[in-house]
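Shown next, in structure tokens, is the structure this report addresses.
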């Protein structure tokens, strides 16, 4: 039996975002503090700021992308999804790189390399997190008898 998970209530989306970012901050903060020889507090504030910016950007970018899709009528094939990912990450880089450079007193180049390293962390993290979240959500739906409509 396959459960479609494409339409979820807002509460499930909020829980997803908070868990995703919360776990990421808990993993990234000590890792970055160790790698960059900075205090946990110093890196904790930066990763929390990165997380908040990423959540806000995600909302703004995807609302805009959805409106663009409605207006232009394109489908989300591989090419569009690649452009979506590049646009999303590009927008984050524009904001996060200068913030990291300022906060850590490093060059923009060093901050860009740091951001690229974070992207390399987030690729497998996102895959694993979403897979596990979907499995947990599907199990919860089966256990509670809740229905999730197909999109």
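Glycine is no exception: its Cβ is also placed from the backbone N, Cα and C atoms.
For 8-71 (among others), the entry in TrEMBL reads domain 'Chlorhexidine efflux transporter'. With DSSP states grouped into helix (H, G, I), strand (E, B) and coil, the domain 'Chlorhexidine efflux transporter' (8-71) comes out at 59 helix, 0 strand, 5 coil.
The domain 'Chlorhexidine efflux transporter' annotation in TrEMBL covers 76-134 (among others).
Residues annotated as transmembrane segment in TrEMBL: 12-36 (among others).
Taken from TrEMBL, the feature transmembrane segment covers 42-61 (among others). Outside the transmembrane segment (42-61) by six or more residues, the chain places 17, 21, 24-25, 28-30, 32-33, 36, 87-88, 91-92, 95-96, 99-100, 103-104, 118 with a CB less than 8 A from a CB of the stretch.
Under the heading transmembrane segment, TrEMBL lists 82-105 (among others). Here the transmembrane segment (82-105) has Cβ contacts under 8 Å with residues 36, 38, 42, 45-46, 49-50, 53-54, 57-58, 61, 65, 76, 111-112, 114-115, 119 of the same chain, all six or more residues outside its ends.
Residues 16, 19-20, 23-24, 27-28, 36, 50, 89, 92-93, 96-98, 100-101, 104 of the same chain, all 6+ positions outside the transmembrane segment (111-133), place their C-beta atoms under 8 angstroms from a C-beta of that stretch. According to TrEMBL, the feature transmembrane segment maps to 111-133 (among others).
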Taken over the domain 'Chlorhexidine efflux transporter' (8-71), the model's mean pLDDT: 92
